[in-house]
Amino acid sequence: MGLRAAHTGFVVLVLLQSCAAYKLICYYTSWSQYREGDGSCFPDAIDPFLCTHVIYSFANISNNEIDTWEWNDVTLYDTLNTLKNRNPNLKTLLSVGGWNFGSQRFSKIASKTQSRRTFIKSVPPFLRTHGFDGLDLAWLYPGWRDKRHLTTLVKEMKAEFVREAQAGTEQLLLSAAVPAGKIAIDRGYDIAQISRHLDFISLLTYDFHGAWRQTVGHHSPLFRGQEDASSDRFSNADYAVSYMLRLGAPANKLVMGIPTFGRSYTLASSKTDVGAPISGPGIPGQFTKEKGILAYYEICDFLHGATTHRFRDQQVPYATKGNQWVAYDDQESVKNKARYLKNRQLAGAMVWALDLDDFRGTFCGQNLTFPLTSAIKDVLARV
């Protein structure tokens with residue numbers, strides 16, 4: 001009896017360890033609060049047991065010091081970090097930068113010793129004051145000249161976190177978001193060097209295709225399509241992951257991005273297959289109100305009366321209705337991606353973003369909140 005109980009306990013321990021082995025990094029965007037009606041999302045909508053890490057996007061930098069961006073950021077910080085009262089194992093990070101921040105602003109700060117030092121010194125007290133467990137650097141698309149400055153910034157930030165933790169507090173986490181395009185990686189990131197100082201890297205394995213290409217195509221294919229032109233051979237998650245590993249990113253620090261949004265296009269003709277011409281981005285969603293992009297919960301609405309298809313080679317779906325063509329991820333495709341990253345022995349998955357998933361559970365007809373993120377979690381939790 002004692003042996004059986006001990007064995008059962010061991011099995012339970014192994015299961016818990018295997019579940020904890022994979023990270024599920026989930027971004028929340030502060031501007032989602034401004035969406036109308038059921039599209040409005042606040043941090044208290046987040047299930048505290050869904051993700052291992054939640055990253056709040058974005059913080060600003062003012063006078064070379066980390067700062068809030070939204071008028072009510074401090075309130076939302078508190079709401080988010082209160083989730084840890086229900087799940088003490090949840091880690092929260094604050095992401096600084098983002099697409100709208102501008103690479104030049106980062107460059108200006110990182111390239112000068114004094115401004116870089118001022119920024120770095122401002123981070124730990126800010127994170128501690130507001131209850132965060134770490135910082136996520138979202139310096140997107142640095143240039144050739146920025147590469148060594150980014151490396152120095154990461155190295156010195158990590159050193160500051162180590163120094164600050166000597167007072168007896170748990171060391172702050174440091175992560176970075178890195179675009180998945182080969183050209184962007186080559187131009188701005190010394191992957192081997194920054195990997196040494198980061199706790200994990202979120203690889204943005206989406207936005208491989210958009211309306212700027214003048215034709216339809218999927219923004220987040222897992223694999224290269226059979227009909228892809230040679231110029232598109234790098235534009236898939238499999239290539240990006242393999243390339244990052246080849247450059248020296250340790251698999252146990254690499255997190256693969258999975259989008260909960262779709263890319264939409266307005267067709268220019270009756271053609272709907274790969275390479276069909278477009279006249280521009282798709283019409284804005286009811287809640288996100290941005291041309292060419294739809295939240296998953298808006299896609300669920302779009303699918304009523306639409307014709308759905310699946311790229312078998314790329315392992316991702318798309319749908320057509322009238323002159324609208326929408327590439328997206330569904331539960332099947334995100335599960336395939338989660339299985340893939342497990343096979344590659346990566347650190348886990350990243351989701352952009354919780355507020356673009358069906359966070360209310362009312363749009364997609366399953367009576368399930370966060371259906372895409374939950375599907376990823378289910379696969380990661382399996383032994």
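Glycine is treated like the rest: Cβ placed from N, Cα and C.
From a predicted model like this one, the values you see are computed outputs, not experimental measurements.
According to its DSSP assignment, Asp207 (chitin binding site) is coil. Other C-beta atoms found within 10 angstroms of the C-beta of Asp207 (chitin binding site) number 18, with every protein chain shown included. Annotation comment: Swiss-Prot describes Glu70, Trp71, Gly97, Gly98, Trp99, Asn100, Tyr141, Leu204, Thr205, Tyr206, Asp207, Arg263, Trp352 as chitin binding site.
Marked as disulfide bond by Swiss-Prot on the basis of experimental evidence: Cys26-Cys51 (among others). Under the DSSP three-state reduction, Cys26 (disulfide bond) is assigned to strand.
The annotation disulfide bond is assigned in Swiss-Prot to Cys300-Cys364 (among others) on the grounds of experimental evidence. The Cβ neighbour count for Cys364 (disulfide bond), using a 10 Å radius over every protein chain in view, is 21. DSSP assigns Cys364 (disulfide bond) to coil, not to a helix or a strand.
If you look up Swiss-Prot, you'll see 22-383 marked as domain 'GH18'.
Sequence-distant contacts of Asn60 (N-linked glycosylation site), defined as residues of its own chain at least six apart whose C-beta falls under 8 angstroms from its C-beta, comprise Ile66, Asp67, Thr68, Trp69, Val96, Phe101. The N-linked glycosylation site feature in Swiss-Prot is assigned to Asn60 (among others); the stated evidence is experimental evidence.
As annotated by Swiss-Prot, N-linked glycosylation site applies to Asn367 (among others), with the evidence given as sequence analysis. Asn367 (N-linked glycosylation site) has a Cβ environment of 8 other Cβ atoms inside 10 Å.
Tertiary neighbourhood of the region 'Important for AKT1 activation and IL8 production' (324-338): same-chain residues 209, 216-220, 222, 237, 256, 258-267, 272, 276, 278, 282-283, 294, 296, 299, 302, 306, 315-318, 349, 371-372, 375-376, 378-380, selected by CB-CB distance under 8 Å and a gap of 6+ residues from either end. Per Swiss-Prot, region 'Important for AKT1 activation and IL8 production' is recorded for 324-338, and the stated evidence type is similarity to another entry.
Residues annotated as signal peptide in Swiss-Prot, with experimental evidence given as evidence: 1-21.
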Cα-to-Cα gap, Cys26 (disulfide bond) vs Thr205 (chitin binding site), nearest whole Å: 14
Asn367 (N-linked glycosylation site) to Trp99 (chitin binding site) - Cα separation in whole Å: 33
Nearest-integer angstrom distance between the alpha carbons (Cα) of Trp352 (chitin binding site) and Cys300 (disulfide bond): 17
Between Glu70 (chitin binding site) and Cys51 (disulfide bond), the C-alpha gap once rounded to whole angstrom: 24
